[in-house]
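Novice: Dumping the structure here so I can ask a few things about it.
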Amino acid sequence: MKSARPKSVAPKSGQALLTLGALGVVFGDIGTSPLYSLHTAFSMQHNKVEVTQENVYGIISMVLWTITLIVTVKYVMLVTRADNQGQGGILALVALLKNRGHWGKFVAVAGMLGAALFYGDVVITPAISVLSATEGLTVISPSFERFILPVSLAVLIAIFAIQPLGTEKVGKAFGPIMLLWFVTLAGLGIPQIIGHPEILQSLSPHWALRLIVAEPFQAFVLLGAVVLTVTGAEALYADMGHFGARPIRVAWFCVVMPALILTYLGQGALVINQPEAVRNPMFYLAPEGLRIPLVILATIATVIASQAVISGAYSLTKQAVNLKLLPRMVIRHTSRKEEGQIYMPLVNGLLFVSVMVVVLVFRSSESLASAYGLAVTGTLVLVSVLYLIYVHTTWWKTALFIVLIGIPEVLLFASNTTKIHDGGWLPLLIAAVLIVVMRTWEWGSDRVNQERAELELPMDKFLEKLDQPHNIGLRKVAEVAVFPHGTSDTVPLSLVRCVKDLKLLYREIVIVRIVQEHVPHVPPEERAEMEVLHHAPIRVVRVDLHLGYFDEQNLPEHLHAIDPTWDNATYFLSALTLRSRLPGKIAGWRDRLYLSMERNQASRTESFKLQPSKTITVGTELHL
């Protein structure tokens, strides 16, 4: 399949709209990090940092250079060039590397682990973002503290409740709102910088190095808070397919990066002048009369950040389903214009329950900060490893990348391992559950395919029998029948049962196999390969549909593009009733887990967009 990159040249008005759209979707997570990151750095559990000028300069320097190296250099300048037909994200990178010889197995495992860690990020981001915004109420009045939890829960319930409606209409406002948010961040930081211009010294990396040399253990633990400033960096890469690399780069360099630098410098200057502001430096930046509007704006910004990661979870899950890493799930489109706007009820329900539990267990953004880092840093390290495999560049460039980016990321990850007992176990638990689910689904599907192959008739033998006289006893139906099937050299079980048990033989038999390509989209003109296996009186046609992992598996639509006379075809699906050969109490947990997922996955009638009135399901019992 040919790779088709999105055109990078577009009218200026179009580029401006894409850049504004990127502000609303891509940068919500990293844009709300100032709400909690610096506060967390000075109140790290078991390692409280004294508020001195040297410590503030050192921490701000660590923050600014972490953003520069990881977000600007790694993601914006380097990793966004590793696209798969314009699409980004860790699974897109894995798809690019699938056929890299001896790296193939490692790449698959790394991609699975990265995807699993991302789900941990998706659970924590809405919780910590909304909590940090509502905690601004305590800056207005300490008596408002009792409202933080109920208000946070109410906001989160609203976020998940509106998911079935989609964000097509309100999504248009996300960009302007986030632009206002970034302008606000910059505007709040500038007066403090003017009042304490010495804070600009922290732009020099020597302050970070000085802190590391003077207090190595404290600096190491501080990295666990510093990483909070780059949460959402992966979104720059993952959402590249929606906006393109150029608008993301423009938004970063022209709006987001300057705003973040100014607000962190401003928070640092404020903390030096007013050490008591370390309790919540983001909200203390605002004049007293503007704190209520700031809390409202911050809450809206965190809602947008939450929506972005939830949408990312839908997108990643759809990729995983199409790549056969997860069972089929119901996917509903919430927009007639935007293909990428989808809603997955099961994913939404699981995320809702998980986020509610996390908020009720941790109850504050400070407590959740300990849980956040491992999910973020684990993904950072995995993307770096996969990127180095992808570029396969000269040794000195690899060494430079490792020194400037690899070593800092490993240190960030190592620092967060010290917080496993304080909450870091949460993303590890989520990732472990997801890996078990994905590996079990792969393992079980392979076993089913092996057992199924033994029951299926070889294609050549079936074609021979069509010419044999005993077929006269079969009832001929002068219509078209379509049989979706997973392989090209055997006959679908539904077709075998149709002929053997139902004594039916259709005038035209179309056997359709979906070939999942490791690209986001396959151009319509390159999707179908058709071969006529048998002519009159019974015509047998084999169709291979090559689809990308973002392409819809809409069989009637794809087959109409090949032959409109197939529009009224009857579809036959093979339904396997799986049983374990061992009694329920003896069967292994893996067997039971796979059988449970297989029984509860979405029906292929819905996945293939078939009309129930034109679909016949033929059952077969299979023992594993």
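Note: Cβ is positioned from N, Cα and C throughout, glycine not excepted.
Pulled from Swiss-Prot, these are the listed features:
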type     : residues : note
TRANSMEM : 16-36    : transmembrane segment
TRANSMEM : 59-79    : transmembrane segment
TRANSMEM : 106-126  : transmembrane segment
TRANSMEM : 147-167  : transmembrane segment
TRANSMEM : 174-194  : transmembrane segment
TRANSMEM : 211-231  : transmembrane segment
TRANSMEM : 252-272  : transmembrane segment
TRANSMEM : 292-312  : transmembrane segment
TRANSMEM : 342-362  : transmembrane segment
TRANSMEM : 371-391  : transmembrane segment
TRANSMEM : 394-414  : transmembrane segment
TRANSMEM : 418-438  : transmembrane segment
Novice: For the transmembrane segment (394-414), find every same-chain residue at least 6 residues outside the stretch whose CB is under 8 Å from a CB in it, and list them.
Specialist: 66, 69-70, 73-74, 78, 220, 223-224, 226-227, 373-374, 377-378, 380-381, 384, 388
Novice: Top stretch among 211-231, 252-272, 292-312, 342-362 for CB pairs under 8 A with the transmembrane segment (16-36)?
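Specialist: Comparing 211-231, 252-272, 292-312, 342-362: 292-312 has the most Cβ pairs near the transmembrane segment (16-36).
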Novice: Grab the same-chain neighbours of the transmembrane segment (106-126) for me: Cβ-Cβ under 8 Å, and only residues 6 or more beyond its ends, written as numbers and ranges.
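Specialist: Sequence-distant neighbours of the transmembrane segment (106-126): 29, 90-91, 93-94, 97-98, 100, 156, 159, 231-232, 234, 302, 305-306, 309-310, 312-313, 316, 320, 325, 351, 354-355, 358, 368, 371-372, 374-376, 378-379, 382-383, 385-386, 389, 426-428, 430-432, 434-435, 438-439.
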Novice: If contact means at least 3 Cβ pairs within less than 8 Å, sequence distance 6 or more, would you call the transmembrane segment (292-312) and the transmembrane segment (174-194) in contact?
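Specialist: Result for the transmembrane segment (292-312) with the transmembrane segment (174-194) is yes.
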Novice: Taking 3+ C-beta pairs under 8 angstroms (sequence gap of 6 or more) as contact, is the transmembrane segment (211-231) in contact with the transmembrane segment (59-79)?
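Specialist: Counting Cβ pairs under 8 Å, at least 3, so yes.
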Novice: Which listed stretch (59-79, 147-167, 371-391, 418-438) has the most C-beta pairs under 8 A with the transmembrane segment (342-362)?
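Specialist: Comparing 59-79, 147-167, 371-391, 418-438 against the transmembrane segment (342-362), the winner is 147-167.
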Novice: For the transmembrane segment (371-391), name the stretch out of 59-79, 147-167, 174-194, 252-272 with the most CB-CB pairs under 8 Å.
Specialist: 59-79
Novice: Could you pull out which residues elsewhere in the chain have a CB under 8 Å from any CB of the transmembrane segment (59-79), counting only those six or more residues past its ends?
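Specialist: For the transmembrane segment (59-79), the list is 30, 37-38, 41-42, 49, 88, 199, 202-208, 211, 219, 222-223, 226-227, 229-230, 233-234, 236-237, 248-249, 252-253, 257, 260-261, 264-265, 267-268, 380, 383-384, 387, 401, 404-405, 408-409, 412.
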